[in-house]
């Protein structure tokens with residue numbers, strides 16, 4: 001397959017190459033770095049991954065990742081519990097948190113909708129969202145899906161789904177470029193998009 005002729009090393013390189021942002025060359029460098037000091041580097045990584053796997057759970061309310069069943073955001077008494085931002089994944093939640101400009105709650109969908117693949121809307125956590133909106137007396141829902149075609153499709157579907165709830169529905173400002181994803185934007189851009197959010201039409 002390659003120069004090493006070692007299936008185990010090939011498998012390690014392959015696994016790293018599947019991580020976001022890593023190609024085969026970067027994966028090969030990481031694998032070599034770990035194997036050159038296997039007893040320290042590789043074992044330390046393995047032990048830490050095992051511990052993380054034991055501790056990290058999905059928040060049963062919003063879908064964030066934390067060490068408790070209710071994440072620190074949902075359990076905080078300092079958050080504005082009348083506003084909820086809908087994000088596609090935890091990556092977008094983290095991006096909004098890095099901006100330091102959003103103090104409300106979140107709802108992680110876990111997916112988006114693609115017209116091309118004809119995904120079933122049931123993959124989204126919308127029944128849970130509607131239940132939260134009524135139970136927590138939500139006043140504003142900020143749709144913070146990405147500015148991709150899939151994100152826009154998802155946003156329109158969410159708006160239709162929430163029609164029976166009286167909350168104001170807004171969308172992040174158009175400063176986010178078309179096709180842009182929150183996770184790749186700097187904190188200033190995300191902060192401005194939150195501040196300048198507009199009613200969803």
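Cβ atoms here come from the backbone N, Cα and C positions, even for glycine.
Your range for zinc finger, going by Swiss-Prot and the list 27-42, 43-58, 59-74, is 59-74. Using DSSP to sort the residues of the domain 'Toprim' (82-177) gives these counts of helix, strand and coil: 36 helix, 17 strand, 43 coil. Across the zinc finger (59-74), DSSP helix (H, G, I), strand (E, B) and coil residues number 3 helix, 2 strand, 11 coil. Taken together, the residues in the domain 'Toprim' (82-177) have a mean pLDDT of 85 on the 0 to 100 scale.
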